[in-house]
Structures are given as structure tokens and as C-alpha cells.
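Peer 1: Grabbed the feature section from Swiss-Prot, which reads as follows:
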BINDING   GLY8, ILE9, SER10, GLY11, SER12, GLY13, LYS14, SER15  ATP binding site
BINDING   ASP57, ALA58, ARG59, SER60  GTP binding site
Amino acid sequence: MRIILITGISGSGKSVALNALEDAGYYCVDNLPPRFLPQLASYLAEDGQDRLAVAIDARSSASLDEMPAMIRDLSRAHDVRVLFLNASTQSLIQRFSETRRRHPLSGSTSHDADVGLLNSLAEAIERERELVAGLAEFGHQIDTSNLRANVLRAWVKRFIEQKDSGLVLMFESFGFKRGVPLDADFVFDVRTLPNPYYDHELRPLTGLDKPVIDFLDALPVVHEMIDDIEKFLAKWLPHFRDDNRSYLTVAIGCTGGQHRSVFIAETLAARLAASANVIVRHRDAPVEAGESSKLVA
């Protein structure tokens with residue numbers, strides 16, 4: 001059975017991700033106490049189910065301490081993948097304010113003696129970060145701070161389409177003006193390269209469009225940058241693989257995240273596709289098609 005565990009910070013989009021998995025045919029359970037996960041997996045496997053998705057939050061803090069060992073045990077019999085959703089505190093506060101929802105650890109809703117009474121929203125968010133921090137290393141992290149719901153659904157679809165084993169290498173383009181992705185393991189700044197933005201014909205395009213590709217591909221300095229990043233990753237990827245890392249996110253940043261970073265992320269992904277299971281995502285470029293422009297909430 002393939003088991004997808006969705007965890008992370010409340011308000012970061014776990015419900016959106018779970019709905020996407022339900023649409024993909026997964027048996028979905030929201031806010032399951034972690035201690036019941038092994039029994040649920042066994043029951044569904046006996047019942048013929050081959051895909052399970054479970055969303056877990058920080059309300060059962062005692063059980064969260066047992067999750068790393070539980071994940072290792074489940075992985076012996078099942079294909080277990082962990083999706084860890086994160087977002088900046090500022091984004092989360094704005095989302096809770098807009099939806100008028102109460103954070104699960106704030107005020108009177110927190111009954112866990114280990115958690116205590118958390119009056120401010122910011123305090124509840126930071127406490128939750130501490131409680132779930134141990135799960136982040138087991139999963140593929142996605143920063144949803146500036147992400148729209150339809151884009152998150154598309155990224156979840158790509159996540160579950162990956163091969164069953166091996167290192168997943170994520171190339172993520174972004175714009176520094178919207179902040180560095182929280183999920184990045186490595187960040188490469190390519191703002192020193194010539195910017196197609198200053199060509200009025202190229203400005204509305206992205207690094208996926210042929211005129212922008214031709215512009216950047218003709219510059220030796222661009223290829224020097226790509227070659228250097230590729231050599232660095234080719235050298236160190238085996239070490240991460242030997243360390244049993246399942247996911248590695250390489251963030252490529254330019255000013256707006258539309259031209260240079262997109263082109264370089266795509267080029268690196270093509271070059272390293274034989275070395276790992278590669279995913280590409282473009283956080284800030286308008287290249288993800290979808291029916292909704294609503295931000296993750």
C-alpha cells in the first residue's frame with residue numbers, strides 16, 4: 001500500500017492537499033491521531049485498499065513523538081511518503097484572520113497538558129512549529145506562503161507520480177522579492193546574470209518561452225553559472241543519497257522569479273534527470289494553469 005502522510009503547520013494547506021489526493025483515488029482521513037495509523041493501514045490493506053492519505057496535526061503532541069519510529073516501521077511493509085507543508089508566520093496569521101478560524105493550539109481549544117494555554121496566534125504557530133519539527137526531516141517540504149490552491153494541487157499530483165524509490169530532487173525557481181522558499185535545502189542566487197526583464201518584448205514572457213530561452217542560451221555567463229551548479233550537485237548528490245535522504249530541494253532565485261530562475265531550473269532538471277527523480281516547480285512565474293487564483297488558506 002502507498003501511504004501519504006500530510007503534516008506541517010496549521011493553515012498551510014493540508015486540506016487542499018488532502019482533497020487533491022482524494023480526487024486522485026486515495027482513501028483519505030483528516031486529523032487522525034497518529035497512534036491509530038498502523039491499525040488503519042492494516043485494516044485497509046486487508047480490505048483491498050492500496051492507497052491511503054492521512055492528515056496529521058499537532059493536537060496530539062504526545063503521539064507526534066512516536067511518529068518517526070512509526071514511519072520507519074510502516075515503511076518496512078508499505079510505500080510511505082511524507083508531505084510537510086509550511087508557510088511563513090505572517091502568511092499564516094493573515095490566513096487565520098481572513099477565515100476567522102481558530103488555530104488548533106490557541107486559547108481554550110488546546111487541552112494537551114504539554115501544550116498549555118496559548119493566547120496569541122503567533123505564539124500558537126511557533127509552538128506548533130516546535131511540535132512538528134521532527135517530522136520535517138522525513139518529508140518533502142513545500143512552502144505555501146505565496147502559493148495558490150490550484151498550484152498546490154498540481155504540485156501534490158507531481159509528488160505522488162514520482163517513482164517508488166530513490167532521491168527526489170526538486171528544482172524550485174523563485175523571486176527574491178517574495179522571499180526565499182522555506183523548503184529550500186540549497187539556494188542559488190542568479191540575479192547577477194543579464195535580465196530579460198529589461199527587454200520590453202521579453203518582459204511579459206517566462207523562462208519557458210522560446211524567445212527568453214534563446215536570449216539566455218546565447219550568453220556564455222549563463223552556461224558558466226549552470227555548469228558550476230551542476231558540478232556542485234553532481235559531486236554532493238551521492239553523499240545525500242548515502243545519508244538516506246529522500247528529498248532535496250534546490251532553489252534558484254532571480255529578482256522576480258519569472259525569467260532567469262525558471263530557465264536555469266528547467267535546464268538543471270534536464271541535465272540531472274538521470275541522477276535522481278526530478279521535479280520542477282516555479283513558485284512565482286505565471287506558468288501553472290488552473291481554475292482558481294485563490295491563495296492557499
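Keep in mind that glycine also has a Cβ here, set from the backbone N, Cα and C atoms.
Give me the lay of the land around each of these features.
Peer 2: In the three-state DSSP reading, ALA58 (GTP binding site) counts as coil.
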Peer 1: Looking at the binding-site residues ASP57, ALA58, ARG59, which has the shortest Cα distance to LYS14 (ATP binding site)?
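Peer 2: Of the binding-site residues ASP57, ALA58, ARG59, ASP57 has its Cα closest to that of LYS14 (ATP binding site).
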Peer 1: Quiz question: given the binding-site residues LYS14, ARG59, which has the greatest number of C-beta atoms lying within 10 angstroms of its own C-beta?
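Peer 2: Buried the deepest by this measure is LYS14.
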Peer 1: Taking the Cα atoms as reference points, how far is ILE9 (ATP binding site) from ASP57 (GTP binding site) in Å?
Peer 2: 7
Peer 1: Using a 10 Å cut-off on Cβ-Cβ distances across all protein chains shown, tell me which of the binding-site residues (SER12, SER15) has the largest neighbour count.
Peer 2: SER12
